[in-house]
């Protein structure tokens, strides 16, 4: 009963006390009409920027986006506003959200910004402070999603560089200058690392340009505080998942060169299985990797490994063809040659054709000279002189005989050319496919050496390009 009475008295006491007025934390400078839409007086206003990067939310390679949680702080000086400490000594006063709408705030513009979400719990996480030297500091907590132009031609050796510009869109460089704060422009949690953050696929590092940068927004130049975000990929997982298995597949294909060529199932299964495994690996990498305008670095490697195995399979086809030629076609050809009676050889045919042609030419020449020396003239009734027709007929017959001889010589020459080519093919197939062949022995040396040269050239070229992008 006594407690109820005391509570009633306390409630009546609160009703009798008049409500307190809101505390005034700042005041405008005397003699100046303040306009929140006009920047502080002076030719140039400095705006310093600082970031506390809390964590990296993720990297979306397909959308080319980076998201991270930050606390963004911008600081500027406005001499038109002075703090009121209300008989309390302090460095700054806290301004409310309503006060923010009554003062001038720089128009911060992030050129690469895709989306920005303010962090809220019970209310928006933000702070507005006015210091005794008329410096204003605005801090907000937000999740920022940045659009980054990525190039995946060097995947997985690629290094992505993403510039982020904090600038003003309204005021040109002569009126407003954005720059990073001289001390602690970037700060991180204790577990963040020394300026970098590790993700499952990337190592993310941050770097600030101390000098103010200049960006152009079509009408005028604007000052910008630039943040460089570097994404370097973790290559160890790709070495173990892609490069090492593909190298082993190519090395296994070289084992087919020591298998006896007559064991067709064992050698074919080894080569075809290796080839299909590399094709499956290439298809998986192509589907799971980001898109690029050209063949990616990893795709070039897998295609080259597939070609090495394919060439090993083609080499085995040549060996099988040589074995078949050596065992069947050469025996059949020898039996066919033994059943035919010996005939004139090609060399004798050529000699005979050349002698026939020389004899015809000499005969024609002799007859032409003899006709000219013993030609007689027949006198007719009209006293016209007419030569005999015997020499002309003999000359035309000799010319036709010469033409036939030349044609036969050309035919003999073509037959000899085909014969030489066939002899070369016989030697090559015998060298490749028979039991005495050495194509497998040479391939056992040529293929590993070629793959070693390709590997050295590949890593030298792509690592050089990757280092250029990292600088």
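Cβ coordinates come from backbone N, Cα and C, glycine included.
Automatic prediction, not curation, is the source of TrEMBL annotations.
Model, not experiment: these values are computed from the prediction.
Among the residue ranges 204-227, 228-251, 300-323, the one that TrEMBL annotates as transmembrane segment is 300-323. Per TrEMBL, the range carrying the annotation transmembrane segment out of 422-441, 442-461 is 442-461. Within the same chain, residues 247, 250, 253-254, 257-258, 300-301, 304, 308, 311-312, 315 sit at least 6 positions outside the transmembrane segment (442-461) and bring their C-beta atoms closer than 8 Å to a C-beta of that stretch.
When pLDDT is averaged over the domain 'Neurotransmitter-gated ion-channel ligand-binding' (33-217), the result is 87.
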